[in-house]
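S.K.: Quick one: this structure, given as structure tokens, is what I'll be asking you about.
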Amino acid sequence: MSQSVIRPGSTIGVLGGGQLGRMMALAGSNLGYRFIALDPTPESPCGQVAGQIVAGYSDQTAARELAERSDVITYEFENVDAEVAALLEELSYVPQGSRLLYTTQHRLREKRAVEKAGATVAPYAEIGSEADLREAVSRLGIPCVLKTAMGGYDGKGQWVIRSESEIGPAYAELSKAGVELVLEQFISFVKEISVIAARSPRGEIKTFPVAENIHVDNILHVSIVPARVNEKVQQEAERLAANIAESMEAVGLLAVEMFLTEDGEIYVNELAPRPHNSGHYTMEACATSQFEQHVRAVCNLPLGPTKLRTPVVMVNVLGEHTEDVEGIVVNSTETGFNVIPKVHLYGKKGSAPKRKMGHINLLCDDVEDGLNWIQQTNIWRNQN
Ligand SMILES: Nc1ncnc2c1ncn2[C@@H]1O[C@H](COP(=O)(O)OP(=O)(O)O)[C@@H](O)[C@H]1O
Ligand SMILES: [Mg+2]
């Protein structure tokens, strides 16, 4: 079963109906696949372009229905309920398997898997008590970052400890979540970069070009490709991502976030076993998009070429930017810069500050033109 090809015309079930599922369904539809999403929000971003079962992610009856109606199942977020994951594996075909989820749902398990693949992570310690934390802070040094082992995203579930007086409050705050904690040494990186790897059940692996990522308020603001790093770093980053995908026997996409230090060292920060925000640039800029590649991988089709066709800057559109960006779509795309802006909006109903509503891929001859375009629109004020 694990080697079989899921042919076009088959139905792909997606756990989660957000923008990642939507873009997956749009890309996979071009290959002739049908999609059905399971999501509690009626007319979710994915449900608008595919079928949808409206139910909670841990609803086992709904999970059974999804399994019955799908030839293959994937997910667009990693915090899938373990029981539901097991049920889906039993009732349907989930080529990514539940082990990849189990590993990437938990920062400690994830770090061990990264180390096993021969890559380096920031020195870390498992924290079970405030006493553990005090000991670990004195060993790893200040600043350091306390994180919940599970459930964090966009900087939530983290505390950067900058003085000894913050140890008590940090522990009190994060231990409220009732999950294990991990303390990491603070890596003073010069750049954050990421690589998305794809692996299929037949064992084929391909990586996308390195993205240089800039976060604002812990949320991805822009991805710049080609990343402004030397050739050696690019090759090493792609090699590490491929090694991790291979070592974990991942199926589908595996996004690898990394820190690059001044002396050229690469630390792996975290993994995501799904399409990733820092891979949205691939939609127009690569020969194959990350979404098509994910569909190809889970269906065991040959993987597509990942070559970069043009320099690109991807900028995220958050709730506070939506109105201005809609103005660009409705009015004009002429900017005086040598840039082609490709706008993607996710069809989310409620706009709220910091909520990811869309993104723009700025196709350009030089990434500086894309960055200048962002500046001159004045939409992303006070952001670099
Ligand atoms: N050990 C660290 N050293 C320095 N910066 C860090 C460290 N861990 C996290 N960060 C910063 O916080 C951001 C969010 O952390 P991350 O572990 O990626 O969590 P999330 O799940 O929220 O993306 C990172 O992109 C990076 O900018
Ligand atoms: Mg992250």
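Including glycine, each Cβ sits where the backbone N, Cα and C put it.
Note that TrEMBL annotation is computational and uncurated.
Take a look at what TrEMBL says about it:
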BINDING   ARG107, LYS147, 152-158, 184-187, GLU192, HIS215, 269-270  ATP binding site
DOMAIN    111-299  domain 'ATP-grasp'
S.K.: Fewest neighbouring Cβ atoms within 10 Å: which of the binding-site residues ARG107, ASN269?
M.R.: ASN269
S.K.: Please report the number of other Cβ atoms within 10 Å of the Cβ of TYR153 (ATP binding site).
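M.R.: Result for TYR153 (ATP binding site): 13 neighbouring Cβ atoms inside 10 Å.
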S.K.: I'd like to know the mean pLDDT over the domain 'ATP-grasp' (111-299).
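M.R.: Per the prediction, mean pLDDT sits at 97 for the domain 'ATP-grasp' (111-299).
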S.K.: Which one of the binding-site residues (LYS156, GLU184, ILE187) has its C-beta surrounded by the most other C-beta atoms within 10 angstroms?
M.R.: GLU184
S.K.: What does DSSP call TYR153 (ATP binding site) in the simple three-state scheme?
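M.R.: SS state of TYR153 (ATP binding site) = coil.
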